[in-house]
Amino acid sequence: MTADALPARATRMARKLLFSKAGYLPMTMLLLAADGLLTALIVQRVPYTEIDFTTYVGQARLFLNGERTYTRLDPVGGSGPCVYPAGHIYVYALLDYLSDGARNLLPAQVFFGALYLATFVVVAQLYRLANAPPILLAFLVLSKRLHSIYVLRLFNDPVAMFVLYASVYLLCKRQWRPACILYSLALSIKMNVLLFLPGLCVVLFRGQGAVGALFSLALIGAVQGVIGLPFLLHDAHAYAMAAFDFSRVFLFKWTVNWRFLGEALFLDPRTAKALLGVHLLLLLLFGLYTWTGLGTQGFSWIWRRWRGDRRLDLTPQYIILTLCTSNLIGVALARSLHYQFYSWYAHTLPLLVWASSLWLPLKYVTQLT
């Protein structure tokens, strides 16, 4: 090979690595190795910050010690009682064991570091199925905040999102029932997973038809019942009110997205109602005109798919984008966002920007900013 041919070959290899589907495996492995090293260095060199981990472990320890009244899972000296479904308790029961009751944090940080890397691998597969260019994977490992949320704060959000992304992967493979079981497991860890539900309902209807979709939704509910059974058998009302409290009011001092409103307007019930109204309106518009053809074809669109959509347009890309837009609509209009909630949508942003109608160079500029 001549010296003149080397630049051309290097350019072809770079294009293949960054923009073709064949580049996914080497790009994933390269970024996984680099980010694994970076994550290990962060754990080793950056001090851990205690926020809720000790409280979560204390809640789990009360459960392990025999407490079954959910409202009493409130450890002394903690930040409050448990406000998440039972899956959260089981996850932190494992972390209680790994961390020796939060006395040795390194094993827990290793757990979350492995979870961070595993999430990257699953999300990379989703990007591949969505036919996105491999270069987008680079934007997934650049977030300082994500590293902090995972290995320096040990929040429950990353656990729920890993299971959720695994569920989306199974949906793309049309493994409807296993996907719904995983979705319910994710929901049992944190309720933010409900933001994906409108999109999930559309995907299930198109993939399975009306009867199949209803069965899948019933399966999601049944799994929730099984997970919460130890508490439901003891005091079902306490469990339902604590784990699925839709009326909970967040503290103004922790909000990120609506801080500019001021505390009075933030706490005003009319603000919550307005956000809910806009949320429902956007879901309706996306449901009518983006996720389905209901807005242009009317109910004939439903009748033609009553037994499921056998056409090729139910692609993995459609499934992923429908679920991610459903979630992002909910995040954008959430009653309150805290810093750790960034993990709810951070992995989907590069894909959503790429799939948008922005001018191509602007898409990559948007990722960097």
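Along the chain as shown, the residues are counted starting at 1.
Quick reminder: no glycine exception, Cβ is built from N, Cα and C everywhere.
What TrEMBL lists as transmembrane segment is 22-43 (among others).
If you look up TrEMBL, you'll see 78-98 (among others) marked as transmembrane segment. Within the same chain, residues 51-61, 63-64, 70-72, 107-108, 111, 154, 156, 159, 185-191, 224, 227-228, 230-231, 239, 242-245, 248 sit at least 6 positions outside the transmembrane segment (78-98) and bring their C-beta atoms closer than 8 Å to a C-beta of that stretch.
Residues annotated as transmembrane segment in TrEMBL: 110-130 (among others).
With a cut-off of 8 Å between Cβ atoms, the residues of this chain six or more beyond the transmembrane segment (150-172) that come close are 39, 42-43, 46-49, 51-53, 56, 84, 88, 91-92, 95, 105, 108-109, 112-113, 115-116, 118-119, 122-123, 125-126, 129, 178-180, 182-183, 185-187, 189-190, 192-193, 196, 200, 203, 207, 316, 319-320, 323, 340-341, 343-344, 347. Annotated transmembrane segment per TrEMBL: 150-172 (among others), in sequence order.
The transmembrane segment annotation in TrEMBL covers 179-205 (among others).
Under the heading transmembrane segment, TrEMBL lists 211-232 (among others). Same-chain residues lying 6 or more positions outside the transmembrane segment (211-232) and placing a CB less than 8 Å from one of its CB atoms are 68-70, 85-87, 90, 176-177, 180-181, 183-185, 187-188, 201, 204-205, 238-239, 243, 307-308.
Under 8 Å from some Cβ of the transmembrane segment (276-297) lie the Cβ atoms of residues 198-199, 202, 206, 322, 325-326, 329-330, 333, all in the same chain and six or more residues away from its ends. The feature transmembrane segment is assigned by TrEMBL to 276-297 (among others).
Residues or ranges marked as transmembrane segment in TrEMBL: 318-338 (among others). Using a Cβ-Cβ cut-off under 8 Å and counting only residues 6 or more beyond its ends in the same chain, the transmembrane segment (318-338) has close neighbours at 126, 129-130, 168, 171-172, 192, 194-200, 202-203, 250, 254-258, 266, 272, 275-276, 278-279, 282-283, 286, 290-291, 344-345, 348, 351-352, 355.
For 344-362 (among others), the entry in TrEMBL reads transmembrane segment.
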